[in-house]
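Listed in TrEMBL for this protein:
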DOMAIN    42-107  domain 'P-type ATPase N-terminal'
DOMAIN    906-991  domain 'P-type ATPase C-terminal'
TRANSMEM  101-119  transmembrane segment
TRANSMEM  340-366  transmembrane segment
TRANSMEM  386-412  transmembrane segment
TRANSMEM  936-957  transmembrane segment
TRANSMEM  969-989  transmembrane segment
TRANSMEM  1001-1022  transmembrane segment
TRANSMEM  1049-1070  transmembrane segment
Amino acid sequence: MKYTNPFISENPWNYSWCYSAMPLTKKRSPDGQSEEQGRYLQANSREFNTVFAYPNNTIKTSKYNILSFLPLNLFEQFQRLANAYFLALLVLQLIPQISSLTWYTTVVPLVVVLTITAVKDAIDDLKRHQNDNQVNNRPVLILKNGRVECNKWMNIHVGDIIKLQNNQPVPVSTSFDFDLFSFFGLSGKTFSTFAATAFGDRPHCIWRPMAHVADILLLSSSEPGSLTYVETADLDGETNLKVKQAISVTSDMEDNMLLLSAFDGEVKCEIPNNKLDRFVGILMYKGKSYSLGHDKLILRGCIIRNTDWCYGLVIFTGPDTKLMQNSGKYTFKRTNTDHLVNVFVLWIVVLLVCMCSVLAAGHYIWELKTGYYFQDFLPWSKYVTSPAVSATLIFWSYFIILNTMVPISLYVSVEVIRLGNSCFINWDQKMYYAPKDMPAEARTTTLNEELGQITYVFSDKTGTLTQNIMIFKKCSINGVSYGNVFDRKGEKVDISEKTEKVNFSYNKLADPKFSFYDNTLVEAVKHGNQQVHLFFRSLSLCHTVMSEEKVEGELVYQAQSPDEGSLVTAARNFGFVFHSRTSETITVVEMGEPRVYQLLAILDFNAVRKRMSVIVRTPDDRVVLFCKGADTIICQLLHPSCRYLQDVTMDHLDDFATEGLRTLMVAYRELDSAFFQAWREKHSEACLSSENRERKIAIIYEEIEKDLTLLGATAIEDKLQDGVPETIATLEKAKIKIWVLTGDKQETAVNIAYACNLFEDNMDEVFIMEGQDFETIRQELRSARHKMKLDPTLESYLLTSKPKPFFRILEEVPNGNFGMVINGYSLAYALEGNLEVELIQTACLCKGVIFCRMTPLQKAQVVELVKRYKKVVTLAIGDGANDVGMIKAAHIGVGISGQEGMQAMLSSDYAISQFRYLQRLLLIHGRWSYIRMCKFFNYFFYKNFAFTLVHVWYSYFSGFSAQPVYDTWFITFYNMIYTSLPVLGLSLFDQIALKTTYWTMLTHFFIWSSLAIYFCISFFLYSDGLCLLFPSNFQFLGVARNTLKLPQMWLTLFLTVLLCILPVIGYHFLKPLLWPIGVDKVIERIHRCMRQPQLLLIQPKQKRPTCRRSAYAFSHQHGFGALITSSKTVKSPLYAKRVFSFQK
């Protein structure tokens, strides 16, 4: 008898009322483009679907091709203020009446800058072409002409029927394939593929499970009832399986090619949108209409699990898929340094205009008082009729001669420095992850110094902080704690790689990947300890895991949550192997002997119950209820006789929780047959009730889940990536705030927050925001802010009106240590009106913030919210496609090449393989890049002002005639050659430790090489041969050798250097004494501690009962209980025979 509702009930109805709600017409959007109002398509009919001009499945992120590259790139480059300025300057130099310098002094630097930038942009775009082709050319199986053909992703169209397979491998090339053909707008093979074909080699590939190519309507599958199990980690960050089911009218087609090819159903559905949990549509087939919901749609980014194959009808492709709708738009990211440089350039231009005006006025006065009467010796030109005309022309002459105040080489030097720092990131051996053969990668060269200014880090949880691996670490059974390792002296030792593992060779069905170190538990199992056996029997029966045995003896478990999979695997290794299940039985191999339990009922878990139970009839005809769940819930259901055992187990749970382990309790109850029969009748009535069904079922569950006998507790490690707690602690010391934005459920996210030190047990309070309406959320936020700190001025401002766009929230210090947790449903209200300001104000006062159950779009909205109201630099880090939106929205996007695909990495600015490398990326590469860039700007502007202002000084001795004091070749080479090497050496190789900097061998090389190059070029330019060959261009014969012979020149050089460095030395000596900053105080404290070492007092760790954090039992949705008991997972007769033969 079934005790649950049917999994899915569907009936064909007349849905004509929906047609008016989803019109097929298109209206014009404000930008003039047609806007889709409802989607209408027909299966296996490209001709019909082409009329609606739906986008294809091609992904295009590149910007140029061979025809558009030159004009488009030049147009983009001349949008830079400096490039446009020098172009205008070049035009002025072509006017002989005002030009005092030759044209090549501007043309040569400008051409060099444009060429270097163009080459860099071309290389970046070639990378984008390569990534586009890698995605667009992935293989997919499409149904055509009655058979399945292998085609490419980009050739999929709306209305096609495609075949998806379980864990289908996809080649992802790791070689750097410059696709020159696509860059030129042509078709052809990539260069690496061509080379492989020509030289008989094959490109190096990585194989991984394929994420689906489009949003498809499930038609049929290999599983009973056309069920399909999917993993949605790329969409919502959850690794637990979800179930999709095809409608019955199409599930009967199975894999019949004739029926699938003849299928001509018509689908009418909603327009493309970003709502991952919503889909409304209608299938019209053979004169009947069938409703379509979210449970029938498999989204792009999902991965098929535990399903051999399935067929689907393509509904949305390319940019219309829900995954791409959540990805957000890419905006060009510019650093604060770029904005600052532009401001400097504008002010320098203003200063230049002022200086030219003063010098022109000086020329006017000089001509009026002296030059007018001196025309016999210095006659005016024909076009000069008065001192005013001469002063006007001199203004433009000085504008040309003083142009080095705005150095064109500044931008090319910045690009070279950024490129060099990017290479340092790529070459950093300490950020290289050997297991995956993956180094860090700077995917952009324009944001390096921004890494050193990060204030907020937004991190995904699943796959970013964690490894998606649950490990059974410890347990407590009948008051005995297992899992610790002791030496011969009885002292506890830490577990390491050298620790000897438990030998499970006695169990042929044990999982070889499972590791456990406490032999006492194995000995208890071998000696037949009844309580230990009952404990593991409970774990092998109380779950909703699906098993698969493709090869005899090799079991594969597919669990709805990784916690369940870990517990069932632990029971398997200790001798209680869950082998298979049907809708009515569970087969368990106990210590080598198969035993079949009759499944009477599954009391499934949800977020309210926080537990699950199964009722089974044992082979010896006893009815037993096994239950597991949160300790806070199970303790209330225990029999009073378990009080002492409960207290002991609670102490063990405290020990487990202080280690960051996720815990749950296990209990059982033996039921009387008559009592169970009466309860079963009540349960059947509650299931058939039409009113308050869920409430009545919950009451019935509570009637039987009481007076339980405690068996023990489990402790699972949600395995963090290596070094995550240490990294977060270090970043917090650097005043960097970390917010976790995850699609996972709240309890799981909070567990991880405690495990990785984002939350601490000694926090003053962790605020839980779970209001279901606008006003409740407002009160929760204000209550939390009052406890932390309240600014009355801000409070009164918030109550008046919505803040203006330029409103900035000032940094405040809370009066304690706080954390905050908010879910996606409550966040939707918090982002409305002026409540978003209260949200950001409250969250910024917390040490750590957890946003859970979030959609990808909400992740991007939170990042934008901080950018809007806080004048800070933000960084987003994630590894899945659901993180792409926030990676694009943040100032810096970091992608982790994890287990959820490559989408995040391909959309990121920097790619790393482990979260712990973020510490080195920010605090080493980011800090050094920022400090080096600041020193570069100081040095660069200083040397150019010193060079240019000599002309101003010389004008007082030349009648303000705009005559250059330098040779034209010296002006040309000053920034390009003479002073380029020292500044590049400083900006690339300066070693920084606190405030101390020192020269490396490379610094010495650049400094002395620069001087040597100067003297060599000087001797060459003023040589006899060059002056004789080109007398008009090289007029200073022998100047270099004659000048360098004078001792006065060397004395002047020495005194000049000495006078220039004395103020700097004096400033650095007096500043720590008179105006100390934080670094100075740190250095002084280090010196003081070295003189007087302090004794470190080690305080014992205190147990905190409040720190217990339950695992598993908190799924946001119901489990597979209804599905299991609905008989829809029953395998084929062949499978049943195989299980029966095993039992024999």
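Quick reminder: no glycine exception, Cβ is built from N, Cα and C everywhere.
On a predicted model such as this, the values are computed, not experimentally measured, just so you know.
Model confidence over the domain 'P-type ATPase C-terminal' (906-991) is summarised by a mean pLDDT of 85. Cβ atoms under 8 Å from those of the transmembrane segment (969-989) belong to residues 101, 104-105, 108-109, 112, 404, 407-409, 413, 416-417, 420-421, 932-933, 935-936, 939-940, 943-944, 947, 1000, 1002-1003, 1005-1007, 1009-1010, 1013-1014, 1017, 1021, 1034 of the same chain, restricted to positions at least 6 beyond its ends.
According to DSSP, the domain 'P-type ATPase N-terminal' (42-107) comprises 31 helix, 1 strand, 34 coil. According to DSSP, the domain 'P-type ATPase C-terminal' (906-991) comprises 61 helix, 4 strand, 21 coil.
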